[in-house]
Amino acid sequence: MKLSRYWARTSIRWMDQFVIICSTHYYFACLFFIFIGGYLCIECLSNKSKQGANLVKMLDQILMMNMKIDIETRNTASTGLMKSSTIFASADPPLTLDYYKSTCPTVFEIVRQEMECQVLSNPRNAAFIVRLHFHDCFVQGCDGSVLLDDTISLKGEKKASTNVNSLKGFRIIDRIKNKLESECPGIVSCADILTIAARDAVILVGGPYWDVPVGRKDSKTASYDLARENLPTANEGLLSIISKFLYQGLSVTDMVALAGAHTIGMARCKNFRARIYGDFAATSGKNPLSDLYLSSLKSICPATGSGDNNVTAMDNVTPNLFDNSFYHTLLRGEGLLSSDQEMYSSVFGMETKKLVQIYAEDPVAFFKQFSDSMVKLGNITNLDSFVSGEVRKNCRFPNT
Ligand code: HEM
């Protein structure tokens, strides 16, 4: 299973690179290549767009099947029982809504109170926490591994390229943890705190509510390498990003809905420089408003030299509000990150483009899908953490 998953991922990456090279450098050579391919496979060429969509769907299905089988095999091996309706996102010992009902009944209240203070004092704190949760779950599952500090014996994830100088909000989690440790010591895992806090963050900036299943354990380890490998980056191609979501058991729909989190928060110049000096003008078209926006972005983010850490909002219309205006940004061709705009503008984005249009038109559909997908994201678990995990006393260090 692992091998076929590996090949699926590798071939997507190759295709991805091919498209990038075609669109940036060797345009005519690639065209020639495509026409020769088309001559040899007229059938394929005449159904080009359908084939593309089918390819993504097919890979989606293959990968989902592989993962489902993987999980079922794991469950059988660990418990001797085959779960009847195992889907990847269902947790491995299942998470429940009332896990802390008798051991720490005030957990949800305590997290919400602290998040209220933090988001009131700075709405960007909501964005920090939502992203922290995402970066936790994509590396070894949602096990609080992202919260671990580097020590002599442990190389954490904080210094991985996707996280360094970028991930924030750790102190907020520390504060919540301290309160919970005085209220119910040794009971609530850091991974659960982060998951609940992410839900509250979204609500506090105007987004939807969802129930948060709890009962996660904290890992004793972290993975710098997986943080580099699993997390998507701003200049990565669409297919490669899709493959990273599929790998986690999340669908293309989950990906487009979850990327809607970019309706809040900011990005640093180093993550959007290539985009604004690249195809931004082409995707946004010639009009005075987008010209003006592009010039202001260029003044924040010079083409060369300093300014790597200068920031600007990813949704420049309602930056502190969780709404669907991020998708309108993409319809205008003004997505700040290349990875975001690709969901609407990439030649491989037929499926994603439709979803962007749906969420732009229908905020209720977006909220519904975002809530469902956040539950799926939060349910990415790792059997190791359940078996050998713990409830950390301090989210930054494993217990001694
Ligand atoms: C689809 C693939 C994704 C890519 C390529 C991506 C990439 C990025 C990048 C490059 C930034 C800016 C970081 C910086 O400049 O320091 C960012 C910010 C952010 N991302 Fe994503 N992201 C993705 C998906 C997600 C998902 C699934 C979520 C949450 C569910 C999320 C939540 C956020 C938030 C809230 C911010 C703003 C953080 C802040 O204000 O500091 N992203 N993302």
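Just so it is clear, glycine is given a Cβ too, placed from its N, Cα and C backbone atoms.
TrEMBL: automatically predicted annotations, no manual curation.
According to TrEMBL, the Ca(2+) 1 binding site annotation covers ASP136, VAL139, GLY141, ASP143, SER145, GLU157. Look at TrEMBL and you will find THR263, ASP315, THR318, ASP323 tagged as Ca(2+) 2 binding site. What TrEMBL lists as disulfide bond is CYS104-CYS184, CYS137-CYS142, CYS190-CYS395, CYS269-CYS301. Residues or ranges marked as transmembrane segment by TrEMBL: 20-40.
Each residue contributes its Cα atom, and for ASP315 (Ca(2+) 2 binding site) and CYS137 (disulfide bond) these two points are 24 Å apart. Shown in sequence order, TYR100, THR103, CYS104, THR106, VAL107 are the residues of the chain, 6+ apart in sequence, with a C-beta less than 8 angstroms from the C-beta of CYS184 (disulfide bond). Cα-Cα distances to CYS190 (disulfide bond) place ASP143, SER145 within 10 Å, out of the binding-site residues ASP143, SER145, ASP323. For the recorded positions given as CYS137, VAL139, CYS142, CYS269, CYS395, the lowest number of other CB atoms within 10 Å of the residue's CB is seen at CYS269. Within 10 Å of its Cβ, the residue among the binding-site residues SER145, THR263, THR318 with the fewest other Cβ atoms is THR318. Sorting the binding-site residues ASP136, GLU157, ASP315, ASP323 by the number of other Cβ atoms within 10 Å puts ASP136 first. In this structure, the disulfide-bonded residues CYS104, CYS301 were compared by how many other Cβ atoms lie within 10 Å of their Cβ, and the smallest count belongs to CYS104. The two recorded residues GLY141 (Ca(2+) 1 binding site) and CYS269 (disulfide bond) have their Cα atoms spaced 29 Å from each other.
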